[in-house]
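**Student:** Pulled these from TrEMBL:
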BINDING   Glu11, Asp94, Asp97  Mg(2+) binding site
Amino acid sequence: YPVLTHHIYGEEDGSLKLNSTDEKIVIDVSGSQQDILNLLKKLFDNKSTESIEKLAEIVSSSTNIVLTEQCKQSFEQIPHNISIDLSTIGIWIDPVDGTQQYINGTDGIIDSGTGIMQDGLPTALVLIGCFDRTNGHAIVGVINRAFDEKIDNYRQVNS
C-alpha cells in the first residue's frame, strides 16, 4: 500500500546502530533472501547461524500463512462491508517492553516464588496498530511475537 509509505510511525526509526563501528544501518527487508541475509550478517558481526539464515528465508518468502482455527473464526466475525479510506490511515509500530533485554540476549528476571516476570520478557513482542490520522482513533491492532525459543543462542522464529 504505497499510500501508507509516509504514514508509518513508531518508537523506532527503522535503523540500528552497530556497536562495533557506530554505523547506522537502515533495516530494509524488500530485497532478495541474500540481501536480507547480508544485512543480518552485518548486524550480527558477520556470523552465519541457523537462526539468522532461517530468519532471512522467512522474511523474504511469500508463502501463505496458516491461521489457527481461532484466528479464522475471529476474521469471520469482521463485517464484509467495511470501507476504510487509506488516505487517512496511519500505522503505528511499537516494540513492547522487554525489547532491550531481547536484543541483549537476556531473558529477563523471573520471580522464583511466583513465576512472574519481574524485568524484561522472554520474547520480543511488537505492537502493530492502524489508526485514523484525522482523529487519532484506533482502528485495529495486533501483537506479533515473532520469536519463541532459543536455537544456537538466538531466538527461533515461530513457524
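Cβ from N, Cα, C; glycine included.
The shown structure was predicted, so the numbers you read here are calculated from the model rather than taken from an experiment.
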**Student:** Take the Cβ of Asp94 (Mg(2+) binding site) and count every other Cβ within 10 Å, whichever protein chain it belongs to.
**Tutor:** 15
**Student:** Would you mind pulling the DSSP three-state label for Asp94 (Mg(2+) binding site)?
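**Tutor:** In three-state terms, Asp94 (Mg(2+) binding site) counts as strand.
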